[in-house]
Amino acid sequence: MTESLDLVIITGMSGAGKTVAMQAFEDLGYFCVDNMPPALLPKFWELVKESGKITKVALVVDLRSRAFYDQIIDMLANLDNNAYVHSRILFLDATDEELVSRYKETRRSHPLAMEGRLMDGIKKERALLTELRNRAQVVIDTTTLSPRQLREKIFLNFKESGSQPAFHIEVMSFGFKYGLPIDADIVMDVRFLPNPFYIKDYRPKTGLDPEVYNYVMDNEDAESFYNKFYDLLSEIMPKYKAEGKTSVTIAIGCTGGQHRSVAFAERIGKAFSDAYAVDITHRDIKKHKETVNRS
């Protein structure tokens, strides 16, 4: 007897976090496909069924046009009558204001506002997606969620009973002058390292620039501290995992979050990326850089 296919359709507002969601499903062992045209799905099901090896699929479905939307609705109707496929819909949402903010930050164009106002495109998309949202088994509002928090919500809703998703580490740089990260599990202060801020050529740059990174890391104090911190994390990460945590946030801070913490976070994050799923984020890098450039 052919094993049924567990299908999750990831959809929702553009900019609400579908890319992060797809990565989370990959960590849960799903075969993920981004933006496959609905017209190709029957052939895709046929190939999956014939392979006999794929039992969990997550499809990211974006709204490109009214015609595309009609194809999606037809696809869902066909799935309702398909005994082989057990489907669920995950709808990701966020407030209009938050979506505008995210689009302005990334400078990308909204798919339904290529030649018009961003807000008009958002409102048009929201109206078109009303039926899909109403049909969704899971709706997640990502307005106030970090990528880590969204991942955890997906793990909570979609991991199989008794299964454990891949352990996830978020390494975050930050500036103490902008406050401690409230969701950090581990906070480390690297303000004792040499500060590139006082070197004129390095001041407008960041710890992502090779010359600044090397300035911060290429000294005995930095190397010694890195080795000890790495050893500590190597010892405690398996213990966090054994306790059932799905993720740990390591926050590394310097004064402004532009130079030292960025360089150190990059090195720590990359060091653990072979053993764990790792995200490296720099909370205050743009904020402090703008302040420096104005001074």
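Even glycines carry a Cβ here, placed using N, Cα and C.
Features reported for this protein in Swiss-Prot:
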- Gly12, Met13, Ser14, Gly15, Ala16, Gly17, Lys18, Thr19: ATP binding site (BINDING)
- Asp62, Leu63, Arg64, Ser65: GTP binding site (BINDING)
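Around the Cβ of Leu63 (GTP binding site), the number of neighbouring Cβ atoms within 10 Å comes to 20. For Gly15 (ATP binding site), other Cβ atoms within 10 Å of its Cβ number 24. Taking the mean position of the Cβ atoms of Gly12, Met13, Ser14, Gly15, Ala16, Gly17, Lys18, Thr19 as the ATP site, the remaining residues of that chain whose Cβ falls within 8 Å of it are Ala21, Leu92, Ala94, Thr142. When secondary structure is read from DSSP and collapsed to three states, Thr19 (ATP binding site) falls in the helix class.
In this structure, the binding-site residues under consideration are Ser14, Thr19, and the one with the smallest number of other Cβ atoms within 10 Å of its Cβ is Thr19. By a simple count of nearby Cβ atoms, those within 10 Å, the most crowded of the binding-site residues Gly12, Gly17 is Gly12. Put simply, Ser14 (ATP binding site) is 7 Å from Asp62 (GTP binding site) when counted between their Cα atoms. Note on Lys18 (ATP binding site): other Cβ atoms within 10 Å of its Cβ, all shown chains, come to 21.
In this structure, the CA atom of Thr19 (ATP binding site) is 14 Å away from the CA atom of Leu63 (GTP binding site).
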